[in-house]
Amino acid sequence: MINIIWALMSVVGIIYAMLNGTMEQVNEAIFKGANDAVTLVIALTSVLVFWLGMMRIAEKAGILSALSNLFRPLVTRVFPEIPPNHPAMGYILANFSANLFGLGNAATPMGIKAMEEMKKLNHGKDKASNSMITFLVINTSSITLIPTTVIAIRMENGSTSPTEIVGTTLVATIVTTISAIWIDRLLRRRRESIMK
Amino acid sequence: MIQAITIISTWLIPLLIVGILLTATYKKIPSYELFVEGGKEGVKMAVSLLPFLVGMMVSIAILRSSGALDAFVNIIQPFLEKVGFPAEIMPLALIRPISGTAALSVTAEIIQTYGPDSFLGRLASTMQGSTDTTLYILTVYFGAVGIKKMGDALKVGLIADLIGIIISVIVVSWIFS
């Protein structure tokens with residue numbers, strides 16, 4: 001599916017540009033897009049190095065396993081395939097906590113570590129495991145408590161109440177996250193019944 | 001409540017660092033050496049991410065710059081108006097799962113044009129905050145650990161985005177009416 005979507009975005013764009021006469025903009029965009037990706041990776045590198053360094057200390061100091069012990073009852077139900085004491089659980093919780101408080105740049109390295117641990121649990125296969133899909137689906141539906149960037153934009157534009165959207169955002173986030181987990185469960189059940 | 005969370009957000013990282021370093025020192029763990037060891041892994045990850053992000057971001061840039069996305073919005077707009085979906089929000093709904101920075105600029109544009117306290121301004125704010133960039137998250141996380149078969153992740157992510165968009169419209173019309 002990702003191959004088709006990826007190829008389609010470029011193909012549709014270029015064919016449309018032929019008809020629309022926007023080939024010049026497309027040419028520009030190709031190099032700008034590649035350039036943006038490199039800039040992004042450089043920005044990500046600093047964050048990855050810092051947080052993975054910190055988290056390595058936290059792991060060895062037993063902080064991660066303490067964190068997973070604390071939230072174990074809640075998360076084991078969402079991730080039944082991960083042993084409660086496995087480091088993956090600690091990283092998943094670290095990722096969720098960082099996301100909740102809007103610390104996006106700390107959340108990514110912890111999430112990648114969680115993925116790495118889940119890959120180990122899945123015997124290093126290059127196929128996504130059930131836990132990985134659940135984990136990413138929760139991440140894509142966003143679990144941020146306070147959308148700080150949006151509030152900042154609203155303030156800049158002279159809103160009388162920049163934070164009034166916190167409530168609606170929270171309701172929308174909760175409904176989306178719960179439905180995402182639920183759809184994931186449904187599809188997983190379907191996958192498993194096909195396998196049998 | 002909001003203030004409390006803002007304070008927690010600014011204090012959390014420094015406190016976390018102090019907590020980690022104190023615990024490590026107390027337990028006589030070589031903190032600096034472990035930091036460097038973990039950091040090296042970060043460099044490797046960043047390098048392996050590069051091709052995934054270049055591929056994805058170029059493709060998205062082509063689609064956007066060609067004007068195909070805007071054309072698509074124009075085609076489906078009349079249909080959306082019929083079912084009561086505010087057409088002005090459509091560009092944001094379409095781009096939100098694909099590109100985070102593009103979505104943010106569309107949100108800023110809508111807020112600027114229609115005002116932050118208008119229905120559309122509130123709706124755009126809610127939509128921007130209530131879901132994350134599905135394609136980016138899948139690219140980064142699967143890319144960094146070398147997962148080739150994504151399973152149903154993309155499908156579920158996109159369905160969840162659609163639900164998020166619909167729920168945002170419903171919640172905002174309901175609460176602010």
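Just so it is clear, glycine is given a Cβ too, placed from its N, Cα and C backbone atoms.
Curation does not apply to TrEMBL; its annotations are automatic.
What TrEMBL says about this protein:
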- A:43-152: domain 'Nucleoside transporter/FeoB GTPase Gate' (DOMAIN)
- A:6-23: transmembrane segment (TRANSMEM)
- A:35-54: transmembrane segment (TRANSMEM)
- A:88-112: transmembrane segment (TRANSMEM)
- A:133-153: transmembrane segment (TRANSMEM)
- A:165-187: transmembrane segment (TRANSMEM)
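With a cut-off of 8 Å between Cβ atoms, the residues of this chain six or more beyond the transmembrane segment (A:88-112) that come close are 44, 47-48, 51-52, 55, 58-59, 64-65, 67-68, 71-72, 75-76, 79, 82, 118, 120-121, 131, 135, 138-139, 142-148. Mean pLDDT for the domain 'Nucleoside transporter/FeoB GTPase Gate' (A:43-152) in the predicted structure: 87. The DSSP breakdown of the domain 'Nucleoside transporter/FeoB GTPase Gate' (A:43-152) into helical (H, G, I), extended (E, B) and coil residues amounts to 82 helix, 1 strand, 27 coil.
Sequence-distant neighbours of the transmembrane segment (A:35-54) (same chain, 6+ residues past either end, Cβ-Cβ under 8 Å): 105-106, 108-110, 112-113.
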